[in-house]
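Presented below is the structure to which this report refers.
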Amino acid sequence: MVVKSLVQSSADAEGGADAADPHSKNEISSPPRRRTSSRLKGKEKPQKQLLIRKRVALLDEHRDGGEQDGGGDGGSLSKRPNVDGGKSSHAKNEAGDAGSNVGLEGGASKPTDSSVEKSDHAKVKETLRLFNKHYLYFVQEEEMRCRKVEADKKASKSAKKGSKSSKKSKKEASPPEAKASKRPDLKAVSKASQNDSCLITMMERKEILNATKRIGSIPGIDVGHQFYSRAEMVAVGFHSHWLNGIDYMGQNYGKGEYSNYTFPLAVAIVISGMYEDDLDNAEDVVYTGQGGHNLTGDKRQIRDQVLERGNLALKNCVDQCVPVRVVRGHDCKSSYVGKVYTYDGLYKVVQYWAEKGLSGFTVFKYRLRRIEGQPVLTTNQVQFINGRVPQSVAEIRGLVCEDISGGQEDVPIPATNLVDDPPVAPTGKLNYQILEIFPVLDAHSIQVAQNVKLPTDATGCNCKGSCTDPKTCACTMLNGDDFPYVQRDGGRLIEAKDVVFECGPKCGCGLSCINRTSQRGLKYRFEVVFRTPMKGWAVRSWDFIPSGAPVCEYIGVIRRTEDVDSALENYYIFDMDCLQTMKGLDGRERRSQAVSIPAVHSLERPDDQSSDSGPEFCIDAGSSGNIARFINHSCEPNLFVQSVLSSHHDLKLARVMLFAADNIPPLQELTYDYGYALDSVMGPDGKVKKMFCHCGATGCRKRLF
């Protein structure tokens, strides 16, 4: 069903994908958990604490033991280029024309020049994306384990039904509970899965960025940067401990660049309220040394601290005037660890002393003072930004439209304008359109040109209720015998793929099925906000969006590309180039190829050779579209484009979805790469058209096309 209303804007396309080394999950099997007697349970607590200490020691050994290459290129989301010269793609209003809201979108991004050195910010972003991919694979592993336990539990109950076993025997025979996983984020950076040797750790693969510790700031990580777990800090080399508060350089750093220093030397600390004696006054901090407190988390000191390791490292900072990086942890429901960690800049350790703490044990205290000349302290800034998210329409500043969708989306989408005087709402006779994917998808539920016919040949799976076994679900088997999504956070795509096969209208499962993640419509609170005269309208979310989460679909009218070639002023054309990307044509970077294309749609068919000249179909959002039309281009975007098939398996007509490439905090503008190759757009006079880029990214290419 297509519903229309008033809107206007533009959109674009980014191809963020990791084509290298897809994780194989075919051999994962989870052994049942062993039952534990009361006597052994009493030993579990100290054993767990010992295990934690051993892991910390191993982490120290790894991080202090030498250098390794950083970058994480192998697992980062890559771009897929669109160099279809002269043909309309996407381009939002990045032009210097403040008076018009043009918007471009391209189904892909430019080829990557390996000779160009990536910026430090780009390296950090790529490493975090690689970490998130590893993390989601471990999440998937744990979800599979839990499903297996639940299945075994049901099978056990079914087998015992009708039997005359005693209550005692029933209790002893009951299978273990399917409890949530142990920390997948820690597995991603520190150890491989016990069940699958293919899931290699970032450390073992030398994918940790900035593996060699350094004094001062870390390139690419600015004051205010937010980490969503301690493990993310380890991944980018910001703080090498996922548990200890003090990160320091050991004796092996006493050669070369740092030969004039006395070691150990502290380089970073985390303030997260773990010690009862801490005192944090923002610019001035009294920090408690490490050791001697209860690891169970009640913050109580249970023994004296010793002036060694991290404690000695901080003392040496006082003597040698060495600054340390300070990170503060805040409670955060969006983070999977319950906290978000914000980098608040460099502090100087000005004093240290020993005293009896609140629990009567000796603790070491360190006074730290923030170095002047740095950006505004982000602890207060973070609280201010979070407080700005409106709780009702009445609290929205500069409101010019309460809902640009006219009630057609489940969540209203307001538009605000704090730039123009007087403020104006989105203009133009543009229809807002949403696409109803479920329960029926056919020619009557999406706008298509008269000369375009949507196939309906997908047979579907025989699953009932929800697909649970990737080895029996016919749709999932097309994705490489595994679900492309995890259930966590309402569904997240593990990594960008050539194409994702989802369940469709002929399947037996319902909308809650994990393999229908992209079909559920908008679930985040979006705002269309007028940013600057140079960029026009833009989109941001009031909610945190985790990496891999579906953001929205690019919607418009499906047309043949040849029919819109003459519409040179229509900057709302999105090429449906799934087939070209899978073939790696025109410099497009291929993605994860762990998919099984049905024989009828094989890439080697002779009639597919026509695709070499460019995409046959496109999405025209010039007259009808949704919120995706307002999303701006960025040379360093936080969204990526993903092709999805559900009601049919024709690669030339795959749906275009936008997914989160990063963990996106509230109120950050949503962007993706429009994918233009320079000098690829021609004007009616045959000359190359140019449009300058105003995305403001550190690695901005300066020109959109």
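Note that Cβ sites are derived from N, Cα and C of the backbone, with glycine treated the same way.
On a predicted model such as this, the values are computed, not experimentally measured, just so you know.
What TrEMBL annotates here:
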COMPBIAS  1-10  compositional bias 'Polar residues'
COMPBIAS  57-66  compositional bias 'Basic and acidic residues'
COMPBIAS  156-170  compositional bias 'Basic residues'
COMPBIAS  171-188  compositional bias 'Basic and acidic residues'
DOMAIN    459-521  domain 'Pre-SET'
DOMAIN    524-675  domain 'SET'
DOMAIN    689-705  domain 'Post-SET'
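The DSSP breakdown of the domain 'Pre-SET' (459-521), given as helix, strand and coil counts, is 13 helix, 9 strand, 41 coil. If you average pLDDT over the domain 'SET' (524-675) in this model, you get 83. Look at the domain 'Post-SET' (689-705): DSSP puts its residues at 0 helix, 2 strand, 15 coil.
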